[in-house]
């Protein structure tokens with residue numbers, strides 16, 4: 001019997017190398033083979049294509065494209081038939097990022113120069129396949145409301161028929177379904193009926209509901225092609241807590257956290273609607289028809305287009321009340337017309353709380369680590385069709401929207417992160433959309449909830465063209481974002497040397513520090529970038545100040561004018577009241593956040609509470625000569641000539657540059673009694689200056705106190721006061737003085753120093 005050869009190799013013979021069959025000859029053959037194996041792992045379990053927006057049903061390990069499971073939502077896995085609730089749907093963000101990296105690597109290995117590696121491949125292919133797929137599902141999460149939202153869209157390939165000009169055109173039917181638990185009052189008439197009597201009455205048929213809602217019956221003159229077309233154009237509205245309708249009958253399923261009612265108005269013309277985002281695809285045929293028939297519009301801004309018979313087109317009166325949050329323009333039972341916020345086709349709202357599942361837990365991650373934003377916004381109906389057909393614009397519209405804007409109004413609506421359309425376009429690198437939004441009056445200096453501006457986003461993602469475009473439209477180059485990071489911090493941190501050069505040429509400050517005291521040069525190891533950032537500054541502060549004045553002058557003068565006097569005599573108060581009538585302004589007796597102008601009698605600012613609050617809020621602090629000049633000319637004069645110099649001017653420029661407040665990063669503890677400056681007034685000043693109040697006296701010898709790594713933003717760079725963030729304030733106008741403390745992060749400071757800092761709008765040095 002022959003001996004079995006040993007399974008281990010001897011030390012003289014090297015172990016066999018795993019066989020790797022190269023896909024093609026030439027360079028990187030093994031990498032191509034490995035990429036081919038990776039491609040097999042990134043395929044959908046149903047369509048066997050590369051995953052597009054991968055999702056899992058939660059009950060099994062199979063992963064599908066979002067468009068492949070539209071008919072399986074809420075039923076089960078199409079492969080292993082494992083039951084799955086609709087709330088178990090999860091988007092695999094990590095796998096989506098891996099697919100995008102795979103696509104970029106494939107383009108590099110195969111020398112595919114035609115494709116743009118910067119574009120989002122999965123999203124671009126999704127729009128390309130939208131006309132070949134009938135159903136697509138979209139899920140995303142709202143970290144703030146801890147809810148999931150799901151939209152199943154049915155995209156029609158064939159061209160939408162135009163509505164006939166006569167009054168016999170087909171209209172959509174509106175049906176209403178009310179859930180059994182909890183009982184919901186549907187209309188004004190239904191409020192009079194008792195809830196117990198609802199059980200005695202049988203369910204109403206669809207035809208009866210249509211008759212009660214004064215809907216016209218369907219005629220044989222309809223120009224729709226098939227019965228299925230009629231099903232797709234029915235609008236179904238639900239109340240509060242609801243059951244889910246079949247996704248095959250309704251084109252869109254929307255799981256909102258609000259659980260409110262939305263009724264969508266259907267019109268035969270698709271000329272002007274709220275643009276759908278991402279998979280709400282507007283076909284080119286539909287867009288072309290909107291150009292041919294611009295007079296046919298959906299009800300917008302409390303008015304409806306009038307048809308040939310004198311009746312409003314597309315304005316039904318369903319017998320349900322709508323939620324204020326949804327803001328629908330559908331007429332209610334009382335006859336009110338409300339503005340629609342969603343598309344006029346197949347909208348179904350379902351409350352997540354009605355579905356049989358536990359509390360939804362959603363992981364909230366940092367925005368900059370996410371691959372794409374969860375919620376985006378829609379453009380106004382006045383967007384030109386050429387921009388709608390642009391692929392980059394469609395990539396910007398990557399998620400379903402809850403915003404509808406009328407034409408000519410800047411897109412000021414935000415998603416749950418506070419991002420506007422300009423933020424989304426800057427993140428995605430959509431140059432055409434950024435240019436369009438800026439030309440239509442969008443503010444380039446708007447901040448989201450974290451403090452980022454569109455310039456921050458463009459610098460962080462390396463979009464040089466968008467950075468130049470924003471700077472051309474007077475974007476502030478030194479404004480701070482999250483943790484007081486400037487755009488130069490973001491550009492240096494991500495190694496974008498071209499953007500660093502552009503920012504420096506527009507006056508970006510090299511010495512700007514964030515909340516941790518780090519400059520832009522501290523965030524990069526690249527020698528070419530460090531050499532640029534280590535150059536001495538010359539006129540950066542002057543250039544940025546001049547830029548901010550030019551940017552905000554027009555915006556400031558277009559706003560309301562609110563006046564308040566400080567230290568004025570009775571005669572001066574009468575003249576100020578007269579100026580109120582001349583300029584159609586408002587005069588306040590007490591200071592609030594709406595005040596724009598503080599009038600003082602002479603060339604020095606008053607140390608009154610009104611004047612100091614005006615300084616801290618960046619108001620115009622003007623001499624009384626401005627009032628006389630305005631009364632003489634009977635119009636508003638330029639404020640710059642009459643502004644009190646020093647602290648008031650520095651504060652106003654600081655506000656126009658959107659920089660942090662005076663006491664940003666500082667903490668205060670008020671110890672002892674305060675008589676000359678009341679404690680309540682000091683608390684108001686500290687809060688208005690961005691400082692924080694400590695309820696306990698800080699301990700200088702505490703390791704926790706001394707290890708705080710934040711700095712004061714407005715302290716001088718070469719001063720040790722920058723690292724002092726906790727102040728113990730005492731009253732120093734009396735003979736009794738507490739023991740002085742000046743140890744590390746904790747310093748003792750008199751109340752007069754606090755007042756002097758406010759008047760000068762700078763952190764003055766403390767005497768040792």
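Just so it is clear, glycine is given a Cβ too, placed from its N, Cα and C backbone atoms.
The compositional bias 'Low complexity' annotation in Swiss-Prot covers 373-391.
Taken from Swiss-Prot, the feature region 'Disordered' covers 1-20 (among others).
Per Swiss-Prot, region 'Required for BRCA1 binding' is recorded for 20-113, and the stated evidence type is similarity to another entry. Averaged across the region 'Required for BRCA1 binding' (20-113), pLDDT in this predicted model comes to 81.
The region 'Disordered' feature in Swiss-Prot is assigned to 188-226 (among others).
Under the heading region 'Disordered', Swiss-Prot lists 307-334 (among others).
The region 'Disordered' annotation in Swiss-Prot covers 370-414 (among others).
According to Swiss-Prot, the feature region 'Flexible linker' maps to 544-548.
According to Swiss-Prot, the repeat 'ANK 3' annotation covers 483-515. Distant neighbours of the repeat 'ANK 3' (483-515): 453, 455-456, 458-462, 464, 467-468, 471, 477, 521, 523-524, 526, 528-529, 532-535, 537, 539-541, 543-544, 547, 660, 664-665, 710-711, 713, 717, 722; these residues of the same chain sit at least 6 beyond its ends, with a Cβ under 8 Å from one of its Cβ atoms.
Helix, strand and coil counts under DSSP for the zinc finger (44-81) come to 0 helix, 6 strand, 32 coil. What Swiss-Prot records for 44-81 is zinc finger, and it gives sequence analysis as the kind of evidence.
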